[in-house]
Structures are given as structure tokens and as C-alpha cells.
Amino acid sequence: MKLIVGLGNPGPKYAGHRHNIGFMALDRIAADHGFGAWKDKHQGSLSEGRFGSDRAVLLKPLTFMNNSGQSVQAAMRFYKLEPEDVIVLHDEIDLAPGKVKYKTGGGHAGHNGLRSIHAHIGPEYARVRLGVGHPGHKDRVPGYVLHDFAKADQDWLDDVLRGVSDGAPFLATTEAAKFSNAVALRVSPRRSGTGQKGKDKPPAPAKQQATATKAEPEPDTRSALQKLMERFK
């Protein structure tokens, strides 16, 4: 069984924030795959269900982002799970909008939700990094992630959420490559940092080969004496 965790902050005022893309992803998964009603358990909101024969639990910690690890640890203890059974979906400012990356282990890169999970269960869990882009300067990061997605983001955001939902059965079976492929089928290439679909550049036209050839000089049939006489004319 897998515990799939989406990170965010509870409450309507935070629902549309970039920081809450993990919550959004879990809501889409639960709706698309017929998971059970959300129930408040283990300091979070929890929904149980199956992807085929594979059982999974979806968890949205209600502890606020900075204490997400408390809820994750409580759910792990109840279901008797190991860190290797946990997959965390979270916002990632170091990825362009619309980019999705799967990884296992590693640092928290300053993400407070991951920092809390590290402190409670260690780093050996899987993550799905959901790119939201970077505001350009580190001082602007808090205001950026704690702000609603722009209207211009809605198209790529919907593609990402659909793609993650399409790939969710492969999260349950730890098939990272198949998960990534499912996402890629939904998410088309985008211009870095804009969240807009990029247009393929037309191939550069092939250089035309010159068809004209240089004229060959005619052979000089004069004798040496004739050439000498020509010089003194």
C-alpha cells in the first residue's frame, strides 16, 4: 500500500495558492479514480481507495505546511508503513510551470513542508515535484507561493493535474517511468518560466547549393617565341 501525500495549507483562503498544488493534485486523483469521501484523521484529511488491485491512501495534512511531517508520521504509524511507501506531491519553484519531476530521496531544498517531513520520517521517501516557476528573487518567494495562480496559468495547471491523475496508478506500483510518461502525454512542451505552450520553431531552410560553376580557362596554344614577341609589342 502507498501513502500519497499532497502538501498545502488548509482553509478556503489558501485553496488557490501555488503552495497548494499538492492538495489540488490529490483532489483530482480522488475524483477521477473514485476514492472514498475525505475524512479528518491523523491530523489531516484522508481518502482511501484503489488503483485496480493496488490499495492507496491519499493524505492532505491539516497541520499547515510547516508541520506537515506530524500528519505524515501519524498516518504511517497507523498503516504500519515505511518511508519507502510514501510519495509526496509538492510545489517546486526550481522547475518551470508545467514541468513535473519524480525523484526519491535527497534534500528538502528549503521547502518547509519537506523540511518537516524530513524531521519526522527522514529523507528516503519519493517526491513528485510540481513546477510552479520562480519569481526571480528569493525575497519574493514567500509572497509568490502564497498567492493564487494567475488566470494565464489555468491551462497548463489543468494539464498537469490531469496528467498526475492519469499517472497515479503507477505511483501505487512505484513505476516512475510510466508515471512520467502518463504526465508527458497531457503536458505539452512549454516555454521556460512562462507557463505558456511553446511553438515549435520551423526548421531552418537548407542552404541552396550553387549551381553555377566557374568557367574553365582556355588552353594557351602559343609557342614560347610567340609569347616573347607578345611581351615586346
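All positions are counted from 1 along the displayed chain.
Every residue, even glycine, has its Cβ placed from backbone N, Cα and C.
Annotated site 'Discriminates between blocked and unblocked aminoacyl-tRNA' per Swiss-Prot: ASN9, in sequence order. The tRNA binding site annotation in Swiss-Prot covers TYR14, PHE64, ASN66, ASN112. Here Swiss-Prot flags HIS19 as active site, proton acceptor, drawing on sequence analysis. If you look up Swiss-Prot, you'll see ASP91 marked as site 'Stabilizes the basic form of H active site to accept a proton', on the strength of sequence analysis. According to Swiss-Prot, the feature region 'Disordered' maps to 187-233.
Sequence features, as recorded in Swiss-Prot, placed on the structure.
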residue : record                                                               : Cβ within 10 Å
ASN9    : site 'Discriminates between blocked and unblocked aminoacyl-tRNA'    : 21
TYR14   : tRNA binding site                                                    : 16
HIS19   : active site, proton acceptor                                         : 23
PHE64   : tRNA binding site                                                    : 15
ASN66   : tRNA binding site                                                    : 12
ASP91   : site 'Stabilizes the basic form of H active site to accept a proton' : 24
ASN112  : tRNA binding site                                                    : 17
Alpha-carbon spacing, ASN9 (site 'Discriminates between blocked and unblocked aminoacyl-tRNA') to PHE64 (tRNA binding site), which is rounded to whole Å:
5
Surrounding the recorded tRNA site, with Cβ no more than 8 Å from the Cβ centroid of TYR14, PHE64, ASN66, ASN112 and those residues left out, we find ASN9, HIS19, THR63, MET65, ASN67, SER68, GLY113
Cα-proximity to HIS19 (active site, proton acceptor), 10 Å cut-off, over recorded positions PHE64, ASN66, ASP91
ASP91
In angstrom units, rounded to an integer, how far apart are the Cα atoms of TYR14 (tRNA binding site) and ASP91 (site 'Stabilizes the basic form of H active site to accept a proton')?
14
If you measure every Cα to Cα pair among TYR14, PHE64, ASN66, ASN112, the residues listed for tRNA, what is the largest value in Å?
16
